[in-house]
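S.K.: I'd like to ask you about the structure that follows.
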């Protein structure tokens with residue numbers, strides 16, 4: 001059965017209803033080994049090459065908790081302003097699925113490691129919205145099923161499925177918000193900003209690269225509507241695996257419009273999971289939850305409780321880096337730019353690159369000029385992330401230094417950058433190989449100036465008569481003669497000097 | 001040299017170390033014995049002739065090079081088929097693992113190999129260790145060497161029968177609710193459930209994780225202690241393993257003494273349902289302890305009344321989850337994989353065909369007990385009872401050093417008698433279950449034959465957690481006093497097979 005969903009306009013939806021959201025984000029930790037065994041977590045290995053009795057769930061095997069996983073979970077909890085449990089346990093979440101080797105997932109249930117926190121997120125215009133955190137808990141990832149023979153890659157219509165257990169047992173932290181209320185029409189934007197902020201936070205903590213396109217961070221968007229002025233939550237839909245910032249915003253927006261259409265048409269929302277479609281930003285019905293799934297949770301008897309000492313928690317708290325939002329605000333002030341400009345820098349993924357360039361000795365405005373200008377243009381053209389361009393902050397800083405020293409002008413500097421990107425080596429090497437240094441030999445420059453004066457007597461006369469503006473033509477001639485490698489300001493000075501005119 | 005199969009493990013190791021005999025000769029003698037009589041007993045599911053002889057040759061080679069041998073080097077052992085053995089089938093008494101050859105050794109298996117113990121093969125058991133008679137094995141029952149028409153106890157009936165029929169001087173069992181002690185009791189052998197966590201569970205196929213405990217089985221208290229020492233100790237691969245030094249069990253077994261010891265008799269064990277002859281031998285044992293210098297104190301553990309009920313909620317709950325992995329996807333039996341069934345259907349068909357009735361019964365019980373809305377009433381209440389039982393023990397051990405009771409209410413019953421009556425079967429573990437729930441240490445050792453049927457009766461000794469050495473100190477004293485009284489070990493009275 002194909003259901004074509006009716007939608008009402010976003011404005012109409014918001015005119016009648018108030019959205020309530022819940023966001024569940026899974027983060028794959030960047031630990032070297034899996035959560036409960038010593039297998040590697042390296043991505044891209046041959047299927048089923050990073051497995052052992054434990055992560056394959058072989059009879060007799062037992063789990064052992066990865067201490068780095070627990071440490072990462074506590075760091076995330078602390079950064080989210082959560083309380084850290086004095087004592088908590090793992091629990092088994094029981095359900096059958098072939099990609100889950102034990103047919104239960106080792107997770108946490110009513111005793112999460114971290115709970116009751118919040119994350120302040122900044123919206124585009126600088127407004128700060130507080131998202132309350134319900135809990136963050138530890139669990140393990142499942143294996144990966146690949147369904148063969150079906151049209152859509154889904155299990156429906158497939159002739160057989162392939163299972164890869166390399167991912168089984170990779171540590172996950174699931175971060176669950178409390179119901180997000182009061183965001184109104186900005187709900188989709190809040191959802192996006194929250195996930196973006198969380199991603200920055202996870203990266204700043206160094207616990208995961210949180211690359212959404214690699215599945216290292218996955219988001220479920222739960223959404224319901226209630227008529228304005230009412231308190232009771234409506235029935236929610238759960239849109240699973242929304243895997244980019246843009247998609248999070250679109251999924252929330254789509255569901256608001258879809259729910260509103262159903263509700264205003266007198267219908268009822270079915271509690272169900274929904275699939276998000278990148279192509280058109282729509283969601284479609286997944287499996288309907290006729291009754292709440294019964295996972296028969298119980299405390300994992302193969303593991304002992306996790307009881308992080310208060311001393312350890314405080315030690316970890318002391319190692320927390322500056323929160324991304326706070327850091328951004330500090331940098332924005334240091335760099336002297338507006339909220340809006342800072343947002344552009346953030347969106348371009350340029351903050352850390354600029355900071356590193358400044359650390360390598362470049363002035364902030366220069367560093368920002370290159371990364372947000374020439375390099376941003378190249379990253380767009382090439383369709384790669386800024387950070388993935390084959391140039392380092394140190395190289396950019398060197399280019400800035402060469403300009404400051406007067407050895408390069410802007411035009412030449414762009415050519416140097418181009419050379420570095422083309423793999424011609426460090427900036428100094430590119431300068432040498434391409435012969436790009438500014439002509440600063442006063443003798444050679446003087447000769448070129450004399451030549452230009454001699455070749456353009458009419459213009460020279462005008463200048464002598466006080467038409468200083470005419471000097472531009474002679475500068476142009478000198479630049480042409482030196483193939484652009486002269487310092488234009490110095491050339492102008494020399495011309496005026498030679499002609500006995502004050503600039 | 002006398003019949004090598006009649007020696008104790010300690011004697012065997014000594015004879016090999018002194019060069020009186022070789023490990024290969026000892027292994028061969030036991031393999032011959034298995035060959036000759038196991039068709040009748042059916043203690044083994046798999047005999048690893050090649051592996052056993054290779055291990056024995058390695059011990060002999062080591063001795064020839066003048067290297068020092070461990071205290072059990074060259075001693076043959078029967079391994080319960082619940083521990084994984086690399087390259088050797090492991091069935092757990094179930095058809096569901098049909099064709100599975102484990103790619104890894106259990107920690108216990110590895111430790112045995114490192115100690116130079118010669119593993120003869122894998123012994124029969126109730127499927128997934130669920131049962132008290134070994135009748136639930138998918139591969140047929142095992143006979144009790146005292147009377148082959150009777151059960152050898154369970155779930156470790158293969159191990160106890162192998163010992164009692166002199167097919168091996170040592171065996172390994174696992175005890176979730178009595179599966180080491182009850183088989184020991186009904187076959188006239190010695191079995192110890194160490195403190196929970198004393199012996200690694202890594203590679204021991206799980207039935208009920210919070211209750212399962214591997215342990216030694218032998219014909220003498222000293223042999224059990226030697227084996228205990230070889231297999232116990234912290235294992236980083238088992239998070240629940242005890243990270244403390246192994247109690248000095250061998251030293252205790254060599255120095256049996258109960259003088260000045262306070263021995264508690266649990267009031268709640270006895271009365272209706274207990275066979276007269278069992279109680280007669282038990283009372284004699286208590287009298288013997290008094291004669292040997294122990295002080296006897298009656299103690300009450302009122303919560304024990306609920307132990308069986310709590311056990312039959314906790315163990316099935318955990319098993320319903322532990323056994324979920326048998327889904328035909330990665331190993332073992334696969335039924336219905338003919339291109340017409342979905343993965344889900346293949347899993348269902350395989351579990352239907354691969355699990356026996358008792359296993360299914362417990363999976364269903366456990367699934368129900370853990371269900372939303374029932375969890376608090378069943379699993380939750382059972383855990384509370386477990387806490388109360390632990391407190392009863394703590395209170396008792398505040399007054400006494402060890403507790404004693406009959407191991408099992410009756411002697412070995414005929415095969416088939418309780419097969420259709422699960423409740424009657426469950427009662428066999430009445431006295432053993434509390435120790436599993438509390439996680440403390442307990443031993444069963446022979447205390448005579450019941451006058452009415454001439455079958456062995458077991459005396460259970462219970463010690464606080466981590467005080468396993470007390471079991472051996474008391475057990476050794478009782479054992480030597482009984483042997484002095486009888487003029488020979490009890491097993492000498494067993495019929496010749």
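Glycine residues also receive a Cβ, built from the backbone N, Cα and C atoms like all the rest.
Just lifted these from TrEMBL, have a look:
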type	residues	note
DOMAIN	B:26-471	domain 'Amidase'
ACT_SITE	B:80	active site, charge relay system
ACT_SITE	B:155	active site, charge relay system
ACT_SITE	B:179	active site, acyl-ester intermediate
S.K.: Compute the C-alpha separation of residue B:80 (active site, charge relay system) from residue B:155 (active site, charge relay system), stating it in Å without decimals.
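M.R.: Pair distance, Cα basis, whole Å: 9 Å.
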S.K.: Indicate whether residue B:80 (active site, charge relay system) is helix, strand or coil by DSSP.
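M.R.: Residue B:80 (active site, charge relay system) sits in a strand per DSSP.
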S.K.: With every protein chain in view, what's the tally of Cβ atoms within 10 Å of the Cβ of residue B:179 (active site, acyl-ester intermediate), excluding that atom itself?
M.R.: 36
S.K.: Please report how many Å separate the Cα atom of the residue listed as 'active site, acyl-ester intermediate' from that of residue B:155 (active site, charge relay system), as a whole number.
M.R.: 5
S.K.: Secondary structure at the residue listed as 'active site, acyl-ester intermediate' (DSSP, helix/strand/coil)?
M.R.: coil
S.K.: Given the model, what does the mean pLDDT over the domain 'Amidase' (B:26-471) come out as?
M.R.: 97
S.K.: Going by DSSP, is residue B:155 (active site, charge relay system) part of a helix, a strand, or coil?
M.R.: coil
S.K.: Counting only residues 6+ away in sequence within the same chain, which have a CB under 8 Å from the CB of residue B:155 (active site, charge relay system)?
M.R.: B:93, B:125, B:126, B:129, B:130, B:131, B:132, B:134, B:136, B:174, B:176, B:179, B:183
